[in-house]
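For reference, TrEMBL has these:
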| type | residues | note |
| --- | --- | --- |
| BINDING | S123, N125, R129, R139, R162 | D-threo-isocitrate binding site |
| BINDING | D312 | Mg(2+) binding site |
| BINDING | N357, K404 | NADP(+) binding site |
| DOMAIN | 40-421 | domain 'Isopropylmalate dehydrogenase-like' |
Amino acid sequence: MEVVRAENVYPWEGKAQKPKEGEFIKLNPDKTIEVPDKPIIPYIEGDGIGAEITPAMIHVVNAAVEKTYGGSKRIIWVEVLAGDKAEEKAGDRLPQETLEFLKEAVVGIKGPLGTPVGKGVRSINSALRRAFDFYSAVRPVYWMGQPTPIPDPQRVDVVVFRENTDDVYAGVEFFSGTDEAKKVREFLIKEMGAKEEGFPEDVGITVKPMSEFKTKRHVRKALRYALENGRKNVAVIGKGNIMKATEGAFINWAFEVAQEPEFADKVLTDPEAQPNEGQVKLSKVITDQMLMQLVLKPDAWDVVIAQNLNGDYVSDLAAALIGGPGFVPSGNIGDGYALFESTHGTAWDIAGKGIANPLSLTLSGAMMLEYIGWREAAQKIYEAVKKTFEDKVGTPDIAAGFKKLGIEAKAVSTYEYAQEIAKRIQ
Ligand code: NAD
């Protein structure tokens, strides 16, 4: 199947182009954003299938914006480099120029980036996360008609807010048998009162930091989202009964946020409370309970607030319910700065064949439109995608999914699928 290049964009040409048209989104001192009618949005194509799904996403987003606003609003797409293409063209996997452009533009979107296995190769995704302090990874999971492993996927409609900067990902680890592990073990036993039986001589240790500041800013973001989007049932999860100083504290801090003046009369915490219009209810749920509930009664929750590791598990389980990460968008969001991205990886096994499913990135594009306040255009994308499923047309993985359920479906290329979606935008 044919691979198509992006249309109506400013591709990278020796450097990221500064177009004469359009303006950058403005970040206000209070961290809100001001969006011009022609915002300059940088995009990173991504490695592997990135070169295929990015043009597809741009085609659909442009069609939705055009249909919604005529010519009065338009995205000015500018390519910035990262990953393999950056290494090849600029000799650096994450050029300074890219970081500067993303900073100036405030909001951007990216395809998947691979992390080559080997020493000294830094992960671009985590470098970007650090550079912009994207402290919340937001993943809305909803069903649009695609083939799924569960019989009642319409019940799944949940947004997972995963804290993105804390927890065991800090990378502070001491391997069994090393001097460091021995030192930390001795400190814990001799000075901190840890029991020897829990720390035998061959122990390896991973540190799990969790801070009040990082937790509270994340929780505020999730509660604001729930209130702004009419999402009533919000759960904060964790195994606070076991890890009291970290996950237990996370849950307590979440309830403290609920008492802050901004939220006190809008966030109900009484287990018996029924939220009215303009209110949400915050509940505490043990992580393993949440994992079960997502499968057994997925409609119980609208928003799940999670720590980094638990959020990782919960968002993948939720995604699996509606067909896998290929159907789920995601946004990395900090104080105003936001970078939207596909949830799957580079899929080198199918790259260059024109068969990759562009939905994760395309829906991330729609999520980005919502973020900049262009909700009507985002809605048109959701409706059009639903129609493609009703009409049983999609990339080969989608068609194969339908066939497994005994339903005939038409398989088309990545770009043709984007065109099928765009055709159905009304
Ligand atoms: P992967 O998602 O790339 O591939 C897993 C399987 O899913 C493959 O069989 C692939 O063909 C299929 N697949 C993935 N996306 C698809 C799509 N859009 N349409 C159809 N099929 C699709 O996962 P992996 O193999 O574990 O990772 C490959 C690389 O991607 C690694 O270097 C990893 O670090 C990177 N990665 C990057 C991101 C990111 O940038 N956010 C996320 C995950 C993985």
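Just so you know, the numbers here start at 1 and follow the chain as drawn.
Heads up, the Cβ atoms here are built off N, Cα and C, so glycines get one too.
What you are looking at is a predicted structure, and each value in this text was computed from that prediction instead of being measured.
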Open item on the list: List every residue in the same chain as N357 (NADP(+) binding site), at least 6 positions away in sequence, whose Cβ is under 8 Å from its Cβ.
Closed with: I53, G326, F327, G394, T395, D397, I398, T414, Y417
Open item on the list: For S123, N125, listed as binding-site residues, tell me which one has the smallest number of other Cβ atoms within 10 Å.
Closed with: S123
TODO: Could you check which of the binding-site residues S123, R139, R162, K404 have their CB within less than 6 A of ligand 1?
DONE: none
Open item on the list: If the D-threo-isocitrate binders are S123, N125, R129, R139, R162 per the record, what's the largest distance between their Cα atoms, in Å?
Closed with: 21
TODO: Report the same-chain neighbours of D312 (Mg(2+) binding site): residues 6+ apart in sequence with Cβ closer than 8 Å to its Cβ, ordered by sequence.
DONE: R162
Open item on the list: So if I measure Cβ to Cβ from R139 (D-threo-isocitrate binding site) and keep only same-chain residues at least 6 apart in sequence, which ones fall under 8 Å?
Closed with: V159, V160, R162, S315, A318, A319, V328, P329, S330, G331, T343
TODO: Look up R139 (D-threo-isocitrate binding site) in the DSSP assignment and report helix, strand or coil.
DONE: strand
Open item on the list: Please identify which of R129, R162, K404 has the densest Cβ environment, defined as other Cβ atoms within 10 Å, among these binding-site residues.
Closed with: R162
Open item on the list: Quick check for the class: what is the C-alpha distance, in angstrom and rounded, between S123 (D-threo-isocitrate binding site) and K404 (NADP(+) binding site)?
Closed with: 37
